[in-house]
Structure formats: structure tokens, C-alpha cells
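*Asks:* Quick one: the structure is below, questions incoming.
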Amino acid sequence: MAAAVGNGNVEFIRARSDKREYRRVVLPNALECLLISDAETDKAAACMEVEVGSFSDPEGLEGLAHFLEHMLFYASEKYPEEHEFAQFFIKPLMSQDAVLREIKAVDSEHKKNLLSDGWRISQLQKHLASKDHPYHKFSTGSWETLETKPKEQGLDIRLELLKFYENYSANLMHLVVYGKESLDCIQSMVERLFSDIKSSGQKSFKCPSDPLSEEHLQILVKTLPIEEGWAMNLGAGEGSDSTQYSFFSVSMRLTDAGHENGVHEWIFNELFPPEEWLVGASLPSKFTPERINMILDELSPERVRIFWESKKFEGHTNSVEPWYSTSYSVENVTPSMIQQWIQNAPTEKLHLPKPNIFIPKDLSLKEVHEKVWVGGYNDKMRVLLNAILKQISNFEVKPSRFSALKVHQEDAISNVKLELFSLIASQPAFNQLRTIEQLGYIASLSLRYDYGVWALHVVIQSTVKDPSYLDTRVDEFFKMFEINIHELSDKDFKRNVKSLIDSKLEKFKNLWEESHFYWGEIEAGTLKFDRVESEVALLRELKKEEFIEFFDQYIKVGAPQRRTISVQVFGCNHSEEFKTAIAEADPPKTYRITDIFGFKRSRPLYSSLKGGPGRITMD
């Protein structure tokens, strides 16, 4: 086992209330690690950052880095089962069947993004940057870039993937490991598990030039959006794709009649030395007015790139971006326009507020003394006070009072059974519907909570199949998974129950989480502040036979108490399937909603949250 070659004994800048222990170590393979020991945590975590990304994509293989990200989580030589989080950075398998499946997944992700104005404008900004800079590249990848074009060039995409993986060198990786064990124990595990990551001495990627030269500035780009975008908002800030450059952006969503003035804002960004790892950008750095002024000098009209999306540009554009087929045209910003902006720039509406002289600086806590106020007839006040104090001092809690009302206990049991099923079925559903059947990039099984009612929620977004087909595949998954539930071993059942209990008993990470829980109970009117403890108690008493009976009664296809609503949204690619679907007769036991608002008016309201889940019936 290799021992760390450096630890640095870094004195981390941290909060006074932070009880965790920290250590920075560098392994013999040059892997830099941050170790965190928290004796009070009930979770462990590991996170790896790799300084290799889409800027390193080979020419003609756009999206290869993104594709590798997908492939790393499939399997490794030591752990050949998919989805095992180990050995990803030492010897991943990258099997041929996984290659084809994940190319489809990447392509599905790209097709999903085609309908997003945010993705379209982002790629257009890249397209109108310097062709000599990797920022110009298409980074997502698609079937065309990862399957069609490589085959045309006689390339084996799996071999190209393995070549690209050679860039994953330990000296370009940064690891964070968090757990309740001691720092020495965590360091020992890190040295044992991560020292085998090879280091080829790769150098961190350096951009050869700036992404924008003079020819790419002082332009107005008019483009056609997909979305209506009637909502209005204004935002400004700095963002970066690289450690070597960043963009300051002002974004506005307007109606076509809208008009706004520009704003100036600056957010400081820098690389942090080890002692500042914990605080990052949370604390302000040293005030350096010369650097601020240097950035402000760059925020001038002569260096602007304006991207204007509007439906009124339809039929008035002359170019098309190749990856997203976004229609656009480019115009130069004239000196007269700049002069007009400068003249109209001053405004009282956009400025920093004046210093608030009433903000306190002394936040020390004052000692609070308890006070009791009583009122009434003076001659009997002492008698009343003595009676109250005597009752308080001899107060006896009667458990029978807390168990007098046991409302909707069955609903609570049903809820934890549903949570358990979601825990057991979510990963298999994702694996079947997305990984194996490749129905779409977005495929999930989870829980949904509406007005006190819990429900199982299956979502699939697909570009390859119509909603009617997706609906049948969801039912087929439940039919197939019925075997898994009925053949669930006692060991696996107990393991999943324990996992759900552990998740419920997780400590609040901060005051916001804790207050969110209590305010949720208050706003709902349920006031069940011991919800976690009571649900854990129910889970500990839950028997496998009861869980299977619940599945047979409420979830499996054809179950007597099964209630489903299928929301099917047909896209433009499936217009013919939509016509067929609405022309077909309703299947047995199916209620087709033709008038959404009329249907809503005909239904009863959800029952009170205090009364447990509501019941919706179809007559």
C-alpha cells in the first residue's frame, strides 16, 4: 500500500462552529485529496474532479468527453456489474454493448436540448466565437458525432474513447472524501483505494488564445426563439467554462414591446489556495480596487455581444447554426448606436444602494431573565400562584392522553410501504426504461406529494416513441417487476427497510432544513412533529408479507385498488400517432378526459391535510 507523500499541514480557514477535522494529502501518484472527518455524520461521501473536459475533444469527435462521463459509471474490470461505484478511474470496462446504449443516451439528451432556447442560444454564442478556440466546439455530442461520422471515417468509437481516457491522469484529479471515521482511517482507505490510479504526467489544458477576438465583438445577433417567453426578468453576473477566461453577462426576458437599460455588476472570481478550500467564495477577498477597475474598463459598449431573441425576426434571418438549426443574423453595432447608449445610460433605477447606517455590528447575545406576570385580585394572588406552582412541580405525564386519538394510522402505514416500493423500484425502472430500452434520456420512478396525497410518479420524455407506447412500457415494467417483489428475499427486504430508515434518521444538515421540516408541518396543519420517529417505528414492525400484499392491492397491473392517471403529451414528431390515439375507443376501465377544466370542476376537492390522504373515485 502506497503512503501519501505530502500532507501540507494546512491551517484551513473555517467557521468557529465547525467541529469537523480536515487534512490535505497528496498521494504518490500526485492525486490531491481533501479528507474530512465528522464524528456526528450518518453518511459518507466521495467526490472526484478531473481537469479534462470538452475542450480536449478530438477534432471531428464532438461530445467525446461527455460520452466518457456516461461510460465511466457502467462497470470496471474489478467490479463488472454496472452501476458499482469503484475502480472507475483505474480500469473501466467500456464494453461494446454499453457503448451503443450510451451513444443513444447522449443523442437523446441532445434531442431534449434542441427544444430549449437556453441551450440554443448558448451554442449560438459558441458558434460565433473564434474557430481556433475550443469554446467554439459543440460539446454535448450526438448520434451523428459519435456514431455516424466516426464510421464514415473508419474510426472505432470505443478505441477512440479508450485513447481519450488516457488523458485521465492522477495529477489532474482532485478527490474529496467525507466520513465519520478518523482522519488517519480515511487516509488509509484513500491510499489503498486510489493509489492505483495511474499518473501519466499530463499537463492541464491551456487555451491557446482568447475565445473572442475583436471581430467577434461589437455585434448584434438577432435570432428566432422556440418558446414564447412572455415573462420578464433581469439578471447579471459572471460565468466561466474555464479557469482561464470568463464572461460577464446581462440577460433580460422581454415582451417584444419591452425595453431596458444595461447594468454594470462585477463578481470576483479566483482560484483558492488550500487554506481557503473550505470558504471558497463565501468570504470576501482582499479589496483590490485596481483589479475591479480593470474589469469595469472591459465592460464597455465597444466589447459587447448582444443576442436578441424575438418571434418578430421570423423570415428576416440569413444564417443557420449547424448543431441546433437556430436561425439568426449578425449586424455590427454602429458608433451612433453606442453614442446613443452612452447618452441614455444614467438612470436612477439601476444603482447600488447607499450604505445602511442602521445595520448593527454588535450581535452578541444578551442574558435573558425569566419573568412571570400575574393579574387579578390582590388578596387571592398568592393563593393562585401557590396552586399553580404546586401543580407544575408535581406534574405527571399520562401516556394515555397521547394515544387517545389515532387517526389515519392505516394511511401512515400505506405511505411508508409506498416509500419502500419507490426505493426498491427506482433504480430498476431507470435501468429498464432508459438504459436497456433506450426510451428517452429522462426516465424516472419517484414519489409525488400533492396536498397530503402521496403517489407513485413515472416520467418518460422520449423523441423516439409516442406516449401511448411509453404508457404500455411502464405497465410492462410493473408486470416484469412483480416477480422481483414476490421473490424478494428476507435479506434484501431487511436491507431496503434499513436503508429507508437510515435516510429518515439522517440529521438535518443545517438550520434551513430543520426549519423547513417544522414549517411544513405547521403550514399543512398536520403538526406531526414526531413524523420521522413514528414512520421509523412502523417500518421496524413492517413484515415482508404485508409489503407484498400492499403491492398486489395497489400497484401491480390489474390490482383491485390501483388508481392511475396517464398524462400523454404528443410532440410534433408524433402527430399521426396522436390522431390515431384520440380516434381509438377507450380501453376497459379507462376514463378519457376530453375537457380538462370541466373534469376538474366535476371532481371533489382534496380532503383536509389533517384528515390524511383524499380519495378520488370515478363513477
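Cβ coordinates are placed from backbone N, Cα and C, and glycine is handled just like the others.
Predicted automatically and left uncurated, TrEMBL annotations should be read as such.
Pulled the feature table from TrEMBL, pasting it below:
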type   : residues : note
DOMAIN : 34-86    : domain 'Peptidase M16 N-terminal'
DOMAIN : 160-211  : domain 'Peptidase M16 C-terminal'
DOMAIN : 272-368  : domain 'Peptidase M16 middle/third'
DOMAIN : 374-419  : domain 'Peptidase M16 middle/third'
DOMAIN : 422-519  : domain 'Coenzyme PQQ synthesis protein F-like C-terminal lobe'
*Asks:* For the domain 'Peptidase M16 middle/third' (272-368), how many residues does DSSP put in helix, in strand and in coil?
*Replies:* 29 helix, 13 strand, 55 coil
*Asks:* Under the DSSP assignment, what numbers of helix, strand and coil residues are found in the domain 'Coenzyme PQQ synthesis protein F-like C-terminal lobe' (422-519)?
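*Replies:* Result for the domain 'Coenzyme PQQ synthesis protein F-like C-terminal lobe' (422-519), in helix, strand, coil order: 59 helix, 18 strand, 21 coil.
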*Asks:* Can you break down the domain 'Peptidase M16 C-terminal' (160-211) into helix, strand and coil residue counts using DSSP?
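*Replies:* Its residues fall into 21 helix, 7 strand, 24 coil.
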